[in-house]
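Asks: Relevant sequence annotations retrieved from TrEMBL are reproduced here:
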- 255, 305, 349, 416: (6S)-NADPHX binding site (BINDING)
- 415: AMP binding site (BINDING)
- 10-216: domain 'YjeF N-terminal' (DOMAIN)
- 220-470: domain 'YjeF C-terminal' (DOMAIN)
Ligand SMILES: NC(=O)C1=CN([C@@H]2O[C@H](COP(=O)(O)OP(=O)(O)OC[C@H]3O[C@@H](n4cnc5c(N)ncnc54)[C@H](O)[C@@H]3O)[C@@H](O)[C@H]2O)[C@@H](O)CC1
Ligand SMILES: Nc1ncnc2c1ncn2[C@@H]1O[C@H](COP(=O)(O)OP(=O)(O)O)[C@@H](O)[C@H]1O
């Protein structure tokens, strides 16, 4: 798991740190982490011991703002300059942090205006204009610099986060594009949530001695690989898990097909389809290996595409009474009993969760994390709240987020395939929490690797390749490296 925090949680942690360590110089620690990362980027493969003369030819541009983020950049500029690199400081917002500017000047840094910087060559640029205090977007002068640096293929190192992003979301209005970002104490949401994450490049987490106790846990690609069930030499279709799909209706047969596809393409030992005739016919046409007959299953998927039918409550009760874990999706969420058997996974989107809680959708949207926890508490079941950040809360009130993906999956039918994937994972023996995290993570990863308007069935057809790459044997860290490119 990776930890992730909001700007507010970071500030609170910083205040607690200073209460415990009055007079500590956090900025110096952060600036040193920036300078160290900058040197690593500049050196590349250059042998350090022979490079004094070469270092004196390398030019670094430090684009600085007027707040503490700018100060981190300016103190890093001073350190780099003292170590022999040629550094220009560029006051992008007009003025600079006073102490930081003094340190940079004393160390021998030059100063360059945003316009003059456009005509100079730099081997590395450091973006220290805006950090967690930044409002979304950047001024034109910085946008022009960002464009020029990209045009010259100059690598950009962002301090804490690329300027222009909002620390707490994946939203991008206009921002700097970094090859590497060095952040402090914990990742922020913009480093993980899309599309912002793509503007951060590689994210390096620097330990500055500050703990963020209330930071959240987010499943990484490595977690996804570790969780994914891989058949062993002794596996057979039953030990891998049989998924029963009781989904779709004559009105919405497609939802039944999509759930089956999600289950099948994510590695179920067998998929049984026991939906209405209309569903079974389409399923057989599309996926001949699916068994359209009743029989034992290790997990059920129910609710997707049921429509508003008077028999829904009885249809749900029958599956819940089977004694195996159930993925409860879509229309089944409208007829939930007060207590759900242990091990089940509820997969609402914000509107469905609002109905479950008896509150307005806007209230859920205003506090998605808290609402997910409330849903798990109210029904005594694990809840996967779908959306741009996919929270998974357990009845004992643990909460974590799945690997976030791009909004390409925000389309009708994605939830149906996701329910099928979660069914496969429950049938394979994963806990409801792990099934929710891994299922949502797979869908996100598939969309990250295949950006574009792929329909849910097309994306499901890509699951086998994604899973194959995910679980391929390799050295420690190989999975993260493969998927961070
Ligand atoms: N909070 C912490 O725990 C730590 C913070 N540190 C650094 O401090 C940074 C936060 O510093 P600040 O709170 O001073 O905030 P920032 O330096 O991120 O930005 C604040 C300044 O930028 C201006 N500004 C904001 N958005 C703008 C926009 N879109 N266009 C133009 N001007 C804009 C504000 O009016 C303010 O003057 C972190 O990102 C990090 O780099 C580090 O020194 C280490 C510890
Ligand atoms: N903004 C978003 N960014 C990334 N993923 C999203 C976003 N919005 C929705 N999703 C994902 O898309 C899927 C949509 O599911 P859902 O709303 O249930 O659709 P349906 O019921 O039509 O199948 C879910 O997996 C959800 O997590």
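Quick reminder: no glycine exception, Cβ is built from N, Cα and C everywhere.
Have a look at these and tell me how they're positioned relative to everything else.
Replies: Classification of residue 255 ((6S)-NADPHX binding site) by DSSP places it within a helix. Sequence-distant neighbours of residue 255 ((6S)-NADPHX binding site) (same chain, 6+ apart, CB under 8 A from its CB) are 247, 248, 249, 304, 305, 330, 413, 416.
Packing around residue 415 (AMP binding site) is summarised by its Cβ count: 27 other Cβ atoms lie within 10 angstroms of its Cβ, all protein chains included.
Taken together, the residues of the domain 'YjeF N-terminal' (10-216) have an average pLDDT of 96.
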Asks: Cβ under 6 Å from ligand 2: which of the binding-site residues 255, 305, 349, 415, 416 qualify?
Replies: 349, 415, 416
Asks: Enter the number of other CB atoms within 10 angstroms of the CB of residue 349 ((6S)-NADPHX binding site).
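Replies: A count of 20.
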Asks: What does DSSP call residue 349 ((6S)-NADPHX binding site) in the simple three-state scheme?
Replies: coil
Asks: Specify the secondary structure state of residue 305 ((6S)-NADPHX binding site) as given by DSSP, simplified to three classes.
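Replies: In the DSSP reduction, residue 305 ((6S)-NADPHX binding site) maps to coil.
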Asks: Give the number of CB atoms, excluding that of residue 305 ((6S)-NADPHX binding site) itself, located within 10 Å of its CB.
Replies: 26
Asks: Give me the Cα-Cα distance between residue 415 (AMP binding site) and residue 349 ((6S)-NADPHX binding site), rounded to a whole Å.
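Replies: Rounded to the nearest whole number, the Cα-Cα distance is 9 Å.
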Asks: Other residues near the (6S)-NADPHX site, CB within 8 A of the CB centroid of 255, 305, 349, 416?
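Replies: So the extra residues in range turn out to be 247, 252, 258, 259, 303, 304, 329, 330, 412, 413, 415, 419.
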